[in-house]
Amino acid sequence: MAGTVVLDDVELREAQRDYLDFLDDEEDQGIYQSKVRELISDNQYRLIVNVNDLRRKNEKRANRLLSNAFEELVAFQRALKDFVASIDATYAKQYEEFYIGLEGSFGSKHVSPRTLTSCFLSCVVCVEGIVTKCSLVRPKVVRSVHYCPATKKTIERRYSDLTSLVAFPSSSVYPTKDEENNPLETEYGLSVYKDHQIITIQEMPEKAPAGQLPRSVDVILDDDLVDRVKPGDRVQVVGTYRCLPGKKGGYTSGTFRTVLIACNVKQMSKDVQPSFSAEDIAKIKKFSKTRSKDIFDQLARSLAPSIHGHDYVKKAILCLLLGGVERDLENGSHIRGDINILLIGDPSVAKSQLLRYVLCTAPRAIPTTGRGSSGVGLTAAVTTDQETGERRLEAGAMVLADRGVVCIDEFDKMSDMDRTAIHEVMEQGRVTIAKAGIHARLNARCSVLAAANPVYGRYDQYKTPMENIGLQDSLLSRFDLLFIMLDQMDPEQDREISDHVLRMHRYRAPGEQDGDAMPLGSAVDILATDDPNFSPDDQQDTQIYEKHDNLLHGIKKKKEKMVSAAFMRKYIHVAKIIKPVLTQESAAYIAEEYSRLRSQDSMSSDTARTSPVTARTLETLIRLATAHAKARMSKTVDLQDAEEAVELVQYAYFKKVLEKEKKRKKRSEDESDAEDEVEKSQEDQEQKTKRRRICPSDAKEGDSYDPYDFTNTEEEMPQVHTPKATDSQETKESQKVELSESRLKAFKAALLEVFREAHAQSVGMNRLTESVNRDNEEPFSSAEIQAALSRMQDDNQVMVSEGIVFLI
């Protein structure tokens with residue numbers, strides 16, 4: 001037995017010597033010697049080693065490292081500590097252990113959670129997946145020091161479990177007494193702890209077999225690897241696959257829980273901070289100077305080139321990506337700089353496609369849908385921790401998208417309670433939680449881009465925008481811009497769209513020949529942490545314009561060039577940093593245009609507002625003008641920026657409402673027939689038309705086509721063909737009749753009872769007259785009813801319109 005231990009020690013020392021020779025490569029290329037020096041200067045203790053380099057120098061040792069990870073990694077880490085001590089002895093004493101992280105090509109050991117089987121136990125594997133869950137970071141004791149006051153001795157105890165590289169786990173009993181039953185005091189300052197976190201990685205949905213649920217695996221992160229990732233990140237985790245026995249009632253069952261003990265974590269998703277070279281900065285400066293006149297239009301045209309038209313919407317989305325300037329005033333108030341946009345329109349007008357483009361372009365973007373997300377899922381939820389049973393906060397989509405964009409599709413399918421939850425986020429940029437003993441405030445400074453369908457499925461142009469949208473004013477005022485996107489029947493437009501869509505379907509990626517079979521399934525999987533065909537030169541050389549493709553971009557026009565997506569991403573990232581200042585001229589213009597917007601809806605008869613014009617609209621104009629100035633890389637918000645912002649708001653805030661002319665003609669013919677039957681004179685008819693010009697619309701038309709009447713007025717409609725002269729006579733009589741206060745009070749009580757019985761906010765005039773006089777000893781005449789209603793209308797208690805009484 002002793003010989004075996006000695007043999008193991010000999011093998012361990014031999015492995016340690018091999019790894020030390022590999023690290024000490026001064027005579028070769030000196031790669032790892034320079035890496036260790038960088039590690040010391042950066043005050044780090046984990047060295048990332050490429051398996052390909054080890055395989056090139058010592059293939060046998062590389063194979064043993066991948067297949068017998070625990071013993072080999074212990075030897076490798078000891079060799080690293082010896083090598084660090086040879087370079088800087090004082091630095092080596094600062095840390096008890098130095099760690100090795102692996103990267104490179106793993107071949108058959110590059111797996112997904114589904115293909116991670118028992119044959120990979122104790123091997124180094126590379127697993128790809130999406131992070132679905134992250135536990136809290138907790139301290140884990142590595143070494144505890146205890147002092148005995150009675151004997152004045154110090155006791156030290158080390159702890160190791162199955163998640164560490166040590167072969168045999170130690171006892172987890174924390175000592176409180178020594179061998180002679182003397183009490184011990186823990187010296188917390190001398191004890192050593194390490195950070196510990198557990199994350200769950202799930203198989204990528206595109207790589208899961210059809211019709212099967214994606215599988216997941218738990219990953220243990222220690223020390224410097226904690227908090228490297230967050231839920232939703234696509235990652236590659238390199239680590240050792242190990243099984244942990246599960247004890248139940250003192251017995252170990254035959255099935256084991258498996259975990260991955262990570263030694264390196266690498267993000268696969270695009271970086272929040274794109275890498276810039278000096279060449280990129282020079283290109284961005286040159287582009288902003290040479291195209292200073294039409295740079296905003298040029299960038300807006302290049303947004304989502306696969307979508308035809310929607311020029312104003314693309315300009316607004318560019319403003320959303322650039323954002324305004326956020327301000328925190330001295331009195332504690334906060335002025336948001338994020339721009340929120342709502343797209344409402346018919347099906348198949350590319351609303352969801354625009355959202356998908358923003359997801360690909362914005363540095364941080366979180367997608368959600370109206371039906372699949374709740375209020376707490378968007379803001380923050382209080383959950384119970386599985387390990388400790390404590391209550392803790394879990395961030396929602398808007399908190400995760402802090403300083404980014406939240407894209408909400410099918411916004412109209414959300415319930416009113418869930419929509420109310422995002423009110424605070426959209427204006428204040430934060431989430432306040434006060435429940436289950438937790439009071440917290442989380443930052444959620446994100447822009448909201450939402451898409452919704454109208455109330456009736458398709459947009460009804462004969463109804464006002466507010467009736468079509470069907471959302472509360474308190475929510476609509478928080479959206480800076482609301483666009484109504486219609487699917488209109490225009491032969492010329494339809495021809496252009498069909499030509500564009502057909503070109504998109506005929507487009508083939510570069511390198512594919514026409515007529516070649518399209519590959520089934522996904523592209524070829526790269527079984528390495530880095531793409532072997534990737535060269536750093538490709539990353540640095542970012543082209544400003546895309547190469548023209550007749551299928552992708554259509555027939556080439558003289559001055560129309562498309563900015564490439566990579567350059568657009570970098571340009572937006574640089575432009576967002578600029579904080580332009582309003583000039584006196586632009587501030588005066590915005591103030592003047594704001595007052596004009598407030599009064600515009602009362603002047604124009606055939607247009608209606610899509611959302612209320614409030615004081616928030618003034619801030620919207622400032623934010624849009626600031627975003628336009630950022631696109632020009634300007635330090636000031638000039639008059640041209642303010643004019644562009646006003647043009648966007650004018651387009652988004654007002655929508656034309658059509659009138660049903662054919663039906664109006666038909667109704668007027670019916671009216672004339674009714675008047676002939678009653679044998680009205682020509683003079684009375686002229687007086688009637690004069691009065692009709694004064695009132696907004698005809699009474700009969702209102703009775704038959706009123707959207708607000710929820711009572712059974714349809715049964716009464718045929719009876720409302722009496723000539724309108726009686727109404728005019730009643731109004732004349734009502735002017736003569738003076739109603740006493742007691743009669744008015746009795747009428748108000750009877751009217752309230754009528755509304756209560758009807759369970760509605762509106763009642764027809766005929767039904768009102770019958771109900772008021774039903775059980776009344778002193779019935780009201782029609783003149784008294786008209787006089788009482790006019791008095792109540794003056795006091796803003798009711799509203800009478802087109803023969804229907806509305807309760808305010």
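Cβ from N, Cα, C; glycine included.
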Residues flagged as motif 'Arginine finger' in Swiss-Prot, choosing from 221-224, 413-416, 477-480:
477-480
Look at the recorded positions SER160, GLN353, SER611 and tell me which residue has the greatest number of other C-beta atoms within 10 angstroms of its C-beta.
SER611
What is the one among the binding-site residues LEU393, ALA395, ALA397 whose Cβ has the most other Cβ atoms less than or equal to 10 Å away?
ALA397
Rounding to whole Å, the Cα atoms of LEU393 (ADP binding site) and SER611 (phosphoserine) are apart by 35
Could you pull the average pLDDT for the motif 'Arginine finger' (477-480)?
86
Taking DSSP three-state, what's ALA395 (ADP binding site) in: helix, strand or coil?
strand
Helix-strand-coil residue split for the motif 'Arginine finger' (477-480), DSSP-based
0 helix, 0 strand, 4 coil
CA-CA, which of the modified residues SER160, LYS293, SER611 lies nearest ALA397 (ADP binding site)?
SER611
Measure from the Cα of GLU394 (ADP binding site) to the Cα of every one of the modified residues SER160, LYS293, SER611, then give the nearest.
SER160
For ALA395 (ADP binding site), identify the closest of the modified residues SER160, LYS293, SER611, judging by Cα separation.
SER611
Record lists GLN353, LEU393, GLU394, ALA395, ALA397 as binding ADP; longest Cα-Cα distance in Å?
33
